[in-house]
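A.B. asks: This is the structure I want to talk about, given as structure tokens.
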Amino acid sequence: MRVVILGSGVVGVTSAWYLAKEGHDVTVIDRQDGPAQETSAGNAGQISPGYAAPWAAPGVPLKAIKWMFQRHAPLAIRLDGSSLQLRWMWQMLRNCDTSHYMVNKSRMVRLAEYSRDCLKDLRAATGIQYEGRQGGTLQLFRTEQQFDNAAKDIAVLDDAGVPYSLLTAEQLATVEPALAKVAHKLTGGLRLPNDETGDCKLFTERLAKMAEQAGVKFIFNRSVDKLLVEGDQIAGVLCGDDIIKADAYVVAFGAYSTALLAGLVSIPVYPLKGYSLTIPITDPASAPFSTVLDETYKIAITRFDDRIRVGGMAEIVGFNTQLAPARRETLEMVVRDLYPHGGDISQAVFWSGLRPMTPDGTPIVGRTPLKNLYLNTGHGTLGWTMACGSGQLLADIIQGRRPAIVADDLSVARYRAGFQPLNIAPLHDIHPIR
């Protein structure tokens, strides 16, 4: 079967890989001159199923108000009055209660845990290298309240069967030696030993080459103008003067998926702007061993081979990708505070990207009302974490095979009034069926 995939970020490329492995004739189209040139290019580098959780959480509305007056706030909102922004924010607010949070988190952890297994299998099968580490992640607390509140996260981890360890400030250096010098600034941490790290851009570029060798065709520097519809299916993709036809079509367009699908399929995907710094390492012993997440500022600091990636924050500002100096100051402040001698900040590369976020935090993977149109989008800040699982899941669905995890509540159908999952996965049973 001929399959066209729109988008060559990590989600689009993993989709292409798994579909090609099923024997399909796959073509990937992207407006950029190569894979992973937008959102996948500069993310924080964490593969963190244990921290998979929606931004829509109890207490976030009040925190958002407080953050409006803080210089280094993790979330910023700039209202533009657009119906897309206002509708998305309203939908997000409706998901900020405990019951919605638990349902959404269970979906996200289910897919993220499965995705990590898929990545491990892919790595074993191909030997792909992407400066990956399997050193776990460490969430850092700066206040006693944060340390005490970890009990709530631990309860969720227990239900999900995710291994963890709660560390005192003095114990942090046992997993991140460079933190010994700043332990007095911290109250403790939550470590998830099974989480991983890696350069998402490098992974995507190398997997794209492997996919090309497996027969996938990549068409770069080509804008996608419109999806053409005949009856109840897609008839082709309009790219300038050309119409590209296939038997099935996959939209992996990230934050731009909503506009492309307008009038065809309604999806609540909105751009959540994030930032990162990439810093050359000058003293390996003073740099992170793996990755940490500063709970106060929601900023991750990750070790690659000879670089430190510092990423995080969220801005609800539409499709604005301009670099904000104040955000760079925040990133620099956090890395200087925790790893002051690890790298040369004066040589850092500053980046911003638009994460495709749904109001419930869960990506949209699966079928649509148009019988040959499929979606793989809306992964928010967890595209790297969920990419392999989403790609394999989509390949199973297109292949007509039962997926390895419960998947009906990951599709766009969940936004339909009266939707009820065919299979309810309780929080304590969200691991892959293997």
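Each Cβ is built from the backbone N, Cα and C atoms, and glycine gets one as well.
Here's the feature list from Swiss-Prot:
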- 3-17: FAD binding site (BINDING)
A.B. asks: If you count CB neighbours within 10 Å, which one among the binding-site residues VAL3, ILE5, VAL11, VAL13 has the smallest count?
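C.D. replies: It is VAL3 that, of the binding-site residues VAL3, ILE5, VAL11, VAL13, has the fewest other Cβ atoms within 10 Å.
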A.B. asks: Just to confirm: which same-chain residues, 6+ apart in sequence, have a Cβ under 8 Å from the Cβ of GLY9 (FAD binding site)?
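C.D. replies: PRO35, ALA36, GLU38, THR39, SER40, THR204, ALA252, GLY254, GLY383 - these are the non-local Cβ neighbours of GLY9 (FAD binding site), listed in sequence order.
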A.B. asks: I'd like the Cβ neighbour count for GLY7 (FAD binding site), meaning other Cβ atoms within 10 Å of its Cβ, all protein chains included.
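C.D. replies: I get 31 for this one.
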A.B. asks: Around the C-beta of TRP17 (FAD binding site), how many further C-beta atoms are within 10 angstroms, looking at every protein chain?
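C.D. replies: I get 23 for this one.
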